[in-house]
Amino acid sequence: MALGPRYGAIRACGRVLERAFSLRKAHSIKDMENTLQLVRNIIPPLSSTKHKGQDGRIGVVGGCQEYTGAPYFAAISALKVGADLSHVFCASAAAPVIKAYSPELIVHPVLDSRSAVHEAEKWLPRLHALVVGPGLGRDDALLRNVQGILEASKARDIPVVIDADGLWLVAQQPALIQGYRKAVLTPNHMEFSRLYDAVLRGPMDSNDSHGSVLRLSQALGNVTVVQKGERDILSNGQQVLVCSQEGSSRRCGGQGDLLSGSLGVLVHWALLAGPEKTNGSSPLLVAAFGACSLTRQCNHQAFQKHGRSTTTSDMIAEVGAAFSKLFET
C-alpha cells in the first residue's frame with residue numbers, strides 16, 4: 001500500500017529517522033545504548049540540597065467505583081521511579097479503596113463532583129505532569145469533568161500522558177489534544193485502531209505499523225504517540241523509534257499503568273533537562289523510550305521470578321532494580 005505523497009516527501013527530506021532497537025540483533029545494541037544514554041542524561045541527580053517535590057509532583061486523573069487498581073498502579077509507579085509526590089484525582093467511591101492501598105498517595109475524591117474541574121484546577125499549579133485515564137471508565141459525567149481538567153491543564157502548559165479511557169475520550173474528541181505537543185498518547189493495539197479510525201477516517205495499514213504511528217502523530221499535530229505491543233513504536237510525527245527491550249510473554253492487566261505513571265515522571269524530567277541533554281532529540285520521545293524500556297525490563301525481571309503467575313504488583317516491585325540496571329550502570 002502506498003504511503004501517500006505527504007509521507008513520501010517527509011522521507012525524501014530526511015526528516016524521518018527510523019531506528020529499530022533489539023537486544024537480539026548485535027548491530028542494534030549500540031543504538032539501544034545510545035538512546036538509553038539520552039534517558040540517563042535527563043535523570044536529575046539525587047541531592048541533599050533539594051526540597052520535597054523538586055524531583056516531581058505528578059497527578060493521576062482516574063479511578064471510579066469499578067476500577068481502583070489502575071490509578072494506584074500509575075501513581076505508585078511514579079513514586080517508585082523517583083517522583084517526590086503523587087496525587088490521584090478520582091471518583092468519591094474509589095477514594096477509600098485507593099487510600100487503603102497505600103498511605104504514600106495523596107487522594108482527592110472529587111472527579112464525580114459538580115465542582116471537579118474547579119477542585120482539580122486548584123492543584124494544577126503545583127503539578128509537573130498529569131497522567132489521564134487509568135481506571136477512568138466511560139461515565140459521561142466523569143468524561144465531561146476530565147475534558148475540563150485537560151483543557152485547564154493545556155492552558156497552564158502542563159504535560160499530559162493519556163492512556164486507557166482517556167484515549168476513548170480523545171477518540172471521541174480529537175480536537176481536545178490537537179496540536180498540543182506536551183501530550184503523549186499510549187494506546188495498545190485496539191486503542192490505536194480506534195484512534196486512527198477516528199482521526200484519519202479510515203483503517204490503519206496493518207502491514208505498515210511504523211507509517212501508521214507516524215501518520216497518526218502528524219494528523220494530531222505532532223503529538224507524541226506510543227503504540228504498545230510486541231514492540232513499542234514511538235513517533236512525534238518527525239521521528240520514529242522502536243523499542244524492543246526484552247520483556248516476557250506474560251501480559252498481565254495493569255502493566256500499561258506502570259508505563260503511564262513512569263512516563264509522567266520522565267516527561268517532567270526530560271522537559272526540565274531540555275533538548276541539550278537529549279542531543280537535539282525530542283525530549284518527549286526520549287522520555288517515552290525510557291518508560292517503555294523500564295516497563296519491559298520490569299516485566300522481564302518479574303517473569304524470571306514468578307513465571308506465568310506474574311502480576312503488575314510483581315513488576316512494580318522490580319522498578320528500583322530495573323531502573324538501576326538500565327539507567328544507573
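Backbone N, Cα and C atoms are what each Cβ position is placed from, and that goes for glycine too.
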Which of Asp55, Asp84, Asp112, Asp257 belongs with Gly135, Asn188, His189, Met190, Glu191, Phe192, Ser193, Arg194 in the (6S)-NADPHX site listed by Swiss-Prot: Asp257
Distance check against Tyr67 (phosphotyrosine) for the recorded positions Lys228, Glu230, Cys252, Asp257, Asn279, keeping those with Cα within 10 Å: none
Rounded mean pLDDT for the residues that make up the domain 'YjeF C-terminal' (35-326): 97
Asp232 (ATP binding site) in three-state DSSP notation: strand
Cα-nearest neighbour of Gly254 (ATP binding site) within the listed recorded positions, His189, Asn207, Asn222: His189
